[in-house]
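Participant: I have a structure here, written as structure tokens, and I will follow up with some questions on it.
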Amino acid sequence: MPKKYTLLFIFASIIFLGHFLFSGQAIYGDGIDYWAYLPSIYFDHDIDFQNEYRHVYNPENNNSYNPEKAPEIQKTRYTSIGKTDNPHPPGTAIVWFPAFVSADAISAIFNFPRTGYANTYQIIVGLWSILLTTFALYLNEQIVYKLIKDRKIALIATLGIFFATPLLYYGSYDILNSHFVSFFFSSLTLYLILVKPIELKSALLIGISIGLATLVRIQETLLLIPTFIYFYLHKDLRVKLPVIFFIWLILTLPLGFLWLYLYGYPLPETYTAFGKNEWLKFGSLFHFTNGLFFRTPIILLSLFGLKQLIQKEKLVLWVFATFFILQYILITFQGGWEAAAYGGRMYISTLPLFTILLAFALKLIKQKWSMKLATSMVILFSIVNMLSIASFVLFEKEVNSGRKRGLEEQTQEKVLKIINNFF
């Protein structure tokens, strides 16, 4: 990757490591569910998560050679057939697995704790996650450049999507979660469709990318629909559709067996049991804390690129509109957008498409006014987003990871203590 992305990786890593230094660990909230697959499969060689949900998460216990276990499972519940529930699919853990194995090898060499929870595991997996996020941003720049043929605009739009959206938060501060993985596979899928020649190899990779995206979050199955539309509208590509669908099916079938083991039937309750079954509500877009447009106004700026996108890349618009509308319907119906989270994180897989829109909007600003104004607007929205994240972390977020006070509250106390001591 170019040097600028190396610098971006270093920047995000500093944020991650700084947060880790304050909080003492990076696994909390939903990250506990995604992480549970790793020690369960690697050390226990099973998918019985009872041991993992009895682990007591704190810096001392994580780094113990003989970590303490709670008497009962924490955070989760037992399913109707008595299994320890893990409501999230294993895709994120699959992506983490190479880094987890590398961390275990390092732990074995240097005689560090080999329990799967120590700092070595968390830091190496976190840095691996940031590397993948950085690579996904590089792919986004290539996608945009292919469409607008302006390298500077492509770079600024890509950096704008990172610094001025929830991706900054979930691509650095709260990296041990599923959101960066959804962004990665969405970016990879779009790159393979729009940039690479569509040959058999590309079709196989698209199927793999969408299949793994589905294993990360079930809602990413929706990537199949805009992909189908794009291929169907290109008559010469229609023959590749069965290949994509077959690869996707092969990769996602094991999910049915996992659900059968956990719930006794091959269809999950996880996407409907806790939802509100609401359809035409707009909180996921305009809510003060979690709304995509309200919390991330640069997305609204990107909408000014719609006219140029319609004129120059109508087919890409079809892909964008279909995917975004379907995501909106599912996210609203499921209701998970209301959970304690920063911004419209459930829309994070649509960000590659908003990068394209933002690039067209910035190009329009450049043509009508100046490149300096376009760059200044991205910088302004990035500063607004950083201040918004700081407000969220220090004053709004409440995370409870099985204890009375969660990691964010502890981080807040430490930061405020340092500020008070300094002044």
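Cβ coordinates come from backbone N, Cα and C, glycine included.
For reference, TrEMBL lists these features for the protein:
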TRANSMEM  93-112  transmembrane segment
TRANSMEM  119-138  transmembrane segment
TRANSMEM  153-173  transmembrane segment
TRANSMEM  180-198  transmembrane segment
TRANSMEM  204-231  transmembrane segment
TRANSMEM  243-262  transmembrane segment
TRANSMEM  282-303  transmembrane segment
TRANSMEM  315-334  transmembrane segment
TRANSMEM  346-365  transmembrane segment
TRANSMEM  377-395  transmembrane segment
Participant: Name the range, of those listed as 153-173, 180-198, 204-231, 315-334, 377-395, that has the largest tally of Cβ pairs under 8 Å with the transmembrane segment (243-262).
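Facilitator: If we count Cβ pairs closer than 8 Å to the transmembrane segment (243-262), 204-231 scores highest.
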Participant: Hey, which of 93-112, 282-303, 315-334, 346-365 has the most Cβ-Cβ pairs under 8 Å against the transmembrane segment (153-173)?
Facilitator: 346-365
Participant: Please figure out which one of 93-112, 119-138, 180-198, 204-231, 282-303 racks up the most CB pairs under 8 Å against the transmembrane segment (315-334).
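Facilitator: Result: 204-231.
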Participant: Going along the chain, which residues at least six beyond the ends of the transmembrane segment (204-231) come within the CB cut-off of under 8 Å?
Facilitator: 89-92, 94-95, 178, 181-182, 185-186, 188-189, 192-193, 198, 237-238, 240-241, 243-252, 255, 268, 270-271, 315, 318-320, 322-323, 326-327, 330-331, 334, 346, 349
Participant: Where else in the chain does the transmembrane segment (180-198) make close Cβ contacts, counting only residues six or more beyond its ends and a cut-off under 8 Å?
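Facilitator: Answer is 91-92, 95, 129-130, 132-133, 135-137, 139-140, 142-143, 146-147, 167, 170-171, 205-206, 209-210, 212-213, 216-217, 220, 223, 227, 230-231, 234, 237, 240, 316, 319, 348-353.
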